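Feature annotation from TrEMBL assigns peptide binding site to GLN134, CYS135, GLN136, PRO267, TYR268, GLY269, GLY270, MET271, GLU272, ARG564, MET565, LYS566. Per TrEMBL, the feature Zn(2+) binding site maps to HIS296, HIS300, GLU319. Annotation source TrEMBL lists active site, proton acceptor at GLU297. Marked as active site, proton donor by TrEMBL: TYR384. Summarising the annotation, TrEMBL assigns domain 'Peptidase M1 leukotriene A4 hydrolase/aminopeptidase C-terminal' to 464-608.
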Amino acid sequence: MTPVSDPSSFSSLSKCATKHLNLIYHVDFDRHVLKGKVALTVEVLEDKFSSLTLDSKDLKIFKVSANGQAAQFALGTKHKFKGSPLEITLPFELSRGQHVIVEIEYETSPSATALQWLTPKQTAGKKHPYLFSQCQATHCRTMVPCQDTPSVKHTYYAQVSVPRELVALMSALRDGQEPDPSDSSRVIYRFRQPVSVTSSFFFFLKSCFFKMLEIGPRSRVWSEKECVDEAAFEFSETETMLKTAESLAGPYVWSQYDVLVLPPSFPYGGMENPCLTFVTPTVLAGDRSLAGVIAHEISHSWTGNLVTNRTWEHFWLNEGHTVYIERMIARCMESEQLRQFKGIGGWKELQESVKQFGANNVLTNLVPNMHEVDTDEAFSLVPYEKGFALLYHLEELMGGPEVFMGFVKSYIQLFAYGSVTTEEWKNYLFTYFKDKVDILNKVDWNGWMHTPGMPPVKPQYDTTMADACTALCQRWVKAKEEDLASFTEADVKKLNSPQLIEFMALLLQEEPFLLSHVKKMQEVYQLNSVKNAEVRFRWLRICVKAHWEEAVPLALKMATEQGRMKFTRPLFKEVYNFSKYSDEAVKTFKEHRGALHPVTAMLVAKDLKIDG
């Protein structure tokens, strides 16, 4: 194994490794804090071991002990985004191979970036408060002192005390509940996670009246009762996707696969918490057209959760492989043409990401240097789509999808339950395809891995499904005023939901359209009434780019009624770039900032040049 050094962590990775966490949480909705007690079972990796460092951020540490004996501790100098190292001195010395249980009593901060506390009015039910956590990439340290790095994996057991009218869920198997013996108005929920996970996927959530519906033999959907039926319909193919993924990648080891629909402020499309996938309500399109989010999160059960990037510099190993498996699921359940079509759309999204960062920005490298880089600011679609493009390129060189999926499955089996670097992945690629090393040696590895901008090779995808989208886009691009009468509702009726999204994406890549053209699109296609969020956010961007003033309030409404960064950031930026409405964008953001997730709010503030 490559020696561990993680630029995003303070913890003692070469000296010791956490093997198990035992957590006790008391959730205080009045003060917006978690009162916690954690016992870390730590394996010693060196002789004469007498101290360790853990990651922490904005935690109040009350007491530390080691094997029941009081231990000295101190918080180091606070870093601008990594937090403060928690330095612990043991009252004894240990040798390599021994274990120690380090117990810490602490409390989180009301401003902990892993946690979002919602008032009752911010929920669908409007009656009870809501709390959810989002730890990726380096926010777990605001919830619990730990080795907050994907290079360390551990099992855990947890007990969570909440008001009895609420329900607690975690990324683990449920292990019963009981009245809180210290407070009759509360209940304790218990959870166990017997498969080792990283701190990034160590999430928990509690909320008001959750309703649960079975959607398969090992799957349930959870949400506020107002949208549970819609969610159950949207994700009804979950078991089929799980079985398809198992046929591709091997057995599903996590036992349960549940889906939790979060409130609109959740900043991502989905999050692959083991046993309990989080999804945004923006995927509830009413026609299963956005259920691909679930295929992506299911795929993470193998690449991300079972095999994990060793540090965030190797994040593409999680996301590139997950997109590859997700699209293989689409191939098996639908068609190879659909997989090719998704590849075309992904390339377009990669182009937009590279354009946003700048083609010379090192954060567009597949393997970026993360020294003194905030992982939140580095987040983009580059590791997803540049990673997929590399894997698809290798698939073509090595002999096709069946051949290359054989490698991916073998890679998962070899590195299961561990973490991996790009170098280790590449070495195994050369070992697996030992009879094709001459072809692999011709790959421009430096161009793919360590060079900013677009990849050195553009994949040649089958354009069958994309041709209709391209043709319609070009009709609009070339249309003169006198041609506008030729467009009819039938133009888009021929397109399915993925094709309509692609059509919008193509329009968005063109120079801003004349206002007359955009108004005609609305007149004939009625795009303002489309529910599909992927279509709607692209359409509103097209309108604002064309300086259609009536679209500005609609764009700001979508930017604030949900908080998915994929939608919220571009919509705010688009309105901000419409100079007449720059101040309106800033004013609207400031009014709604408190309802956005802390990470979303921080990044939108930067986009709008607020807070310096």
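Cβ coordinates come from backbone N, Cα and C, glycine included.
Rounded to a whole value, the Cα-Cα separation of GLN134 (peptide binding site) and HIS296 (Zn(2+) binding site) is 18 Å.
For the pair TYR268 (peptide binding site) and TYR384 (active site, proton donor), the C-alpha distance works out to 14 angstrom. Across the structure, MET565 (peptide binding site) and GLU297 (active site, proton acceptor) place their CA atoms 17 angstrom apart. Between the CA atoms of the residue listed as 'active site, proton donor' and GLU297 (active site, proton acceptor) there is a gap of 13 Å. Cβ neighbour count for HIS300 (Zn(2+) binding site): 25 (other Cβ atoms within 10 Å of its Cβ, all protein chains included).
When the Cα of GLU297 (active site, proton acceptor) is compared against those of the binding-site residues GLN136, GLY270, GLU319, the shortest separation belongs to GLY270.
When the CA atoms are compared, the binding-site residues lying within 10 A of GLU272 (peptide binding site) are HIS296, HIS300, out of the candidates HIS296, HIS300, GLU319. Recorded residues GLU319 (Zn(2+) binding site) and GLY270 (peptide binding site) have their alpha carbons 12 Å apart, per Cα-Cα distance. In this structure, the CA atom of HIS296 (Zn(2+) binding site) is 8 Å away from the CA atom of GLY270 (peptide binding site). Per DSSP, the secondary structure of the domain 'Peptidase M1 leukotriene A4 hydrolase/aminopeptidase C-terminal' (464-608) breaks down as 116 helix, 0 strand, 29 coil.
Other than HIS296, HIS300, GLU319, the residues of this chain whose Cβ falls within 8 Å of the Cβ centroid of the Zn(2+) site are, in sequence order, GLY270, GLU272, GLU297, SER299, THR303, GLY304, ASN318, THR322, VAL323, GLU326, TYR384. Taking all protein chains in view, 21 other C-beta atoms sit within 10 angstroms of the C-beta of TYR268 (peptide binding site).
Overall, the recorded peptide-binding residues GLN134, CYS135, GLN136, PRO267, TYR268, GLY269, GLY270, MET271, GLU272, ARG564, MET565, LYS566 cover a maximum inter-Cα distance of 18 Å. Note: the Cα of HIS300 (Zn(2+) binding site) and the Cα of GLY270 (peptide binding site) are spaced 11 Å from each other. A C-beta separation below 8 Å, combined with a sequence spacing of at least six in one chain, links GLY270 (peptide binding site) to THR277, PHE278, VAL279, THR280, VAL283, VAL293, ILE294, HIS296, GLU297.
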